[in-house]
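The domain 'Major facilitator superfamily (MFS) profile' annotation in TrEMBL covers 52-474. Per TrEMBL, transmembrane segment is recorded for 88-108, 144-166, 178-200, 206-228, 289-313, 325-345, 352-376, 382-408, 420-443, 449-466.
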Amino acid sequence: MWGRQREASSMYKRLPSRDCTNTVDLEENSDLLQNVMSPETSSPSWRLSFPHVLVATISSFLFGYHTGVVNEPLESISVDLGFSGNTLAEGLVVSTCLGGALVGALLSGWIADGVGRRRAFQLCALPMIVGASMSATSKSLAGMLLGRLFVGTGMGLGPPVASLYVTEISPAFVRGTYGSFIQIATCLGLMGALFIGIPVKETAGWWRICFWVSTIPAAVLAAAMVFCAESPHWLYKRGRTEEAEAEFEKLLGGSHVEVAMAELSKSDKGDDTDTVKLSELFYGRHFRVVFIGSTLFALQQLSGINAVFYFSSTVFKSAGVPSNLANVFIGVANLTGSIIAMVLMDKLGRKALLLWSFSGMVMSMALQVTAASSYVANSGAMFLSVGGMLMFVFTFALGAGPVPGLLLPEIFPSRIRAKAMAICMSVHWVINFFVGLLFLRLLEQLGPQLLYSIFGTFCLIAVVFVKRNVVETKGKSLQEIEIALLPQE
């Protein structure tokens, strides 16, 4: 059934013979399930689940928007609120979100398992509305920081819940495509923030409008979730079987409900999500997949992607490109890569995109290192630097950006899925914070050539790690993936 037995076995090399036999039996049962499916039921319509996915990705749009909303208006904010020239205060306005995001990410698994995916989205929207309103009406630095902290909480809660929800409601054959919508929505949010911020230098107080605008999609997310389907996986795990069947009918169509419920019953043995302990995620039978997920997110951030974003305006400025135009170039490269990833995700697969993406990032960093060397003429160095930076963002968006958030909910067993995602996203935010905090200091002390070499090394480590540890999940149901990867108790 699995098609890549050697890759699947590499994740659990010490699987006892008894467990191996159980896994084979379960895989044979899963094959029997697939064989009895008629041609009509083998491919559910993507149109039924599509609107639900679109609503969920509003949270990703908000994530991107709030990530970039203060970039252009920061100077005006500092003047109006009386901390102009205070680089520490300016840094806090940008980075306070990260503290809130860590809190939101840590709580996301317990919230998603406790109240369900739909209400988790609504709880994500609430602090974004409150926080954006506080920032828009703030008269002091303290008010601005408090608003940013609230917004950060929603930013931390949104991405893991979106990944969970999209993974659990999507038909297997388009799950990768739908998962790519999360990255595309994030790109559109970033570009939307840059677009909304254009009049900030000409119009007094425009930065307040930038914050007010973000409350509209947040309110739409909270309201639209009332009409969206709840995750059938969550309902089934809570013992609400009839409701799970009704939601499957909304998402897949009536002819697919029986097969979908049969698959759920094979992997979910009625375990109560509340019995999952943190200790289970750090050692024992679940440690391997949690380690892979955390490492993928760590390598994603250690690749230097955020440092490249931070440093991009300086590189473009030295090449004579205005900052606004530089942001457009970076945004277009990011969006183009994300769209291509969406097209290829369910054709080439997750692992292939990760390998090609990290390999491309290695080559991009090599161009950056070459540009920083003394052996290249100034004009050539500028060309290599700008080209390498755009190539890095493009190749990141091809796989390293969108794939981890999609792959991890696929490989995590349903019983631990929400909490494991919370742990992995927390690792993401912690490393994101330290890369942002230390980048300029390291750049000053080490120089661009050595620093980019370090980032390139992490990308190379990521290639080796993906090759050895990541399995392909393209086209497989979540239950098939769980049966193939998880050692039986």
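Sequential numbering from 1, following the chain as shown.
Heads up, the Cβ atoms here are built off N, Cα and C, so glycines get one too.
Keep in mind that what you see is a predicted model, and the values were worked out from it rather than measured.
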Tally Cβ pairs under 8 Å between the transmembrane segment (352-376) and each listed stretch (178-200, 325-345, 382-408, 449-466), then give the stretch with the top tally.
382-408
Need a quick answer: max count of Cβ pairs under 8 Å to the transmembrane segment (449-466), which of 144-166, 289-313, 325-345, 382-408, 420-443 is it?
289-313
Cβ under 8 Å to the transmembrane segment (420-443), counting only same-chain residues 6 or more beyond its ends: which ones?
95, 98-99, 101-102, 105-110, 156, 159-160, 163-164, 281, 286, 289-290, 293-294, 296-298, 300-302, 304, 306-307, 310-311, 404, 408-409, 412, 451
Where, among 88-108, 144-166, 206-228, 289-313, 325-345, do we find the most CB pairs under 8 A to the transmembrane segment (382-408)?
325-345
Six or more residues beyond either end and a Cβ under 8 Å away: which residues meet both conditions relative to the transmembrane segment (178-200)?
49-50, 53-54, 57-58, 60-69, 71-73, 76, 159, 162-163, 166-167, 170, 206-207, 209-210, 213, 324, 327-328, 331, 334-335, 338-339, 341-342, 345, 397, 401-402, 405-406
Can you work out which residues elsewhere in the same chain, 6+ from the ends of the transmembrane segment (88-108), have a Cβ less than 8 Å from its Cβ atoms?
66-67, 70, 74, 77-78, 120, 124, 127, 131, 141, 144-145, 148-161, 418, 421-422, 425-426, 428-430, 432-433, 436-437
Stretch-averaged pLDDT - the domain 'Major facilitator superfamily (MFS) profile' (52-474):
87
